[in-house]
Amino acid sequence: MPQAVIAPSILAADFGDLAADAQKVIDLGADTLHVDIMDGHFVPNMSIGAPVVKSLRKHMPKVFLDCHLMVSEPEKWVQDFASAGANMYTFHVEAHANPAALIEKIHAAGMKAGVAVKPGTPVEAVLPFADKADMILIMTVEPGFGGQSFMPSVMPKVKTLREKYPNLDIQVDGGLGLGETIETAATAGANVIVAGTSVFAAPDRKAVISGLRQVVNSKY
Ligand SMILES: O=C(CO)[C@H](O)[C@H](O)COP(=O)(O)O
């Protein structure tokens, strides 16, 4: 299993002071920033778009920006996000008819490509792309909102992927924090951990980031 990657979701950050709040979690030990993009159509909520990624990039030239596109037309935004400075572009398998072609397009634009699945979508939907994508994201909540409860029922998807792809980056996203949720996800084989509320709302963010990392890295 690859090493832990701790990716705080800026959905839970202070949007009025975004670059500074995001930089704080990097300074406290986070590896990357997870940037949630919602279009109000694929999910029943709206968040931010490429201009905010561009601003973040200006303030933090070296931080890895892992962008999760919860949008109905992921193909439409590839160039905008590449130009804005995104490092990874993760789209939903449910939102595109030809994921392999979209992965190629994302790579051609100079970004890493991730493929995400909603809780109700079987893992078989992403298996054909697990050796083409740089990361598979198994959603552990229904996408659209931060602060929801982790769904352990999706862990068999993580286990299946980990058994088939020992070196794959497997991301989990939604409701993760110290305690039972990270134990469950790491035991199943997840190594890229998105955590919004549990990091940004914590009195001791550093302890949460290092605690999540320790649990994941204890599994291999
Ligand atoms: O993708 C998301 C919602 O669609 C968020 O990244 C996710 O919910 C993380 O937030 P939290 O850790 O607060 O649950």
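Cβ from N, Cα, C; glycine included.
Per TrEMBL, these features apply:
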ACT_SITE  Asp36  active site, proton acceptor
ACT_SITE  Asp173  active site, proton donor
BINDING   Ser9, His68, Gly144, Phe145, Gly146, Gly147, Gly175, Gly196, Thr197  substrate binding site
BINDING   His34, Asp36, His68, Asp173  divalent metal cation binding site
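Cα of His34 (divalent metal cation binding site) to Cα of Ser9 (substrate binding site): a distance of 5 Å.
Each of the binding-site residues Ser9, Thr197 was ranked by the number of other C-beta atoms within 10 Å, and first place falls to Ser9. Counting every protein chain shown, 21 other Cβ atoms lie within 10 Å of the Cβ of Gly146 (substrate binding site).
The Cβ of the residue listed as 'active site, proton donor' lies under 8 Å from the Cβ of Ser9, His34, His68, Ala116, Leu137, Ile138, Met139, Thr140, Val141, Val194, each on the same chain and at least six residues away in sequence. Compute the center of the Cβ atoms of Ser9, His68, Gly144, Phe145, Gly146, Gly147, Gly175, Gly196, Thr197, which mark the site for substrate; besides them, the chain residues with Cβ within 8 Å of that center are Leu11, Ala12, Asp36, Val141, Gln148, Asp173, Gly174. For the recorded site, Gly144 (substrate binding site), the DSSP three-state label reads coil. With respect to their backbone Cα atoms, Gly144 (substrate binding site) and the residue listed as 'active site, proton acceptor' stand 9 Å from each other. Residues Ala7, Ser9, Leu11, Val35, Asp66, Cys67, Thr90, Leu137, Val194, Gly196 surround the recorded divalent metal cation site, their Cβ atoms falling within 8 Å of the Cβ centroid of His34, Asp36, His68, Asp173, which are themselves excluded.
Around Gly175 (substrate binding site), the same-chain residues at least 6 positions away in sequence with a Cβ under 8 Å from its Cβ are Thr140, Val141, Gln148, Ser149, Phe150, Met151, Thr181.
Each of the recorded positions Asp36, His68, Gly144 was scored by the other Cβ atoms within 10 Å of its Cβ; the lowest score goes to Gly144.
Gly175 (substrate binding site) carries neither a helix nor a strand DSSP state and counts as coil.
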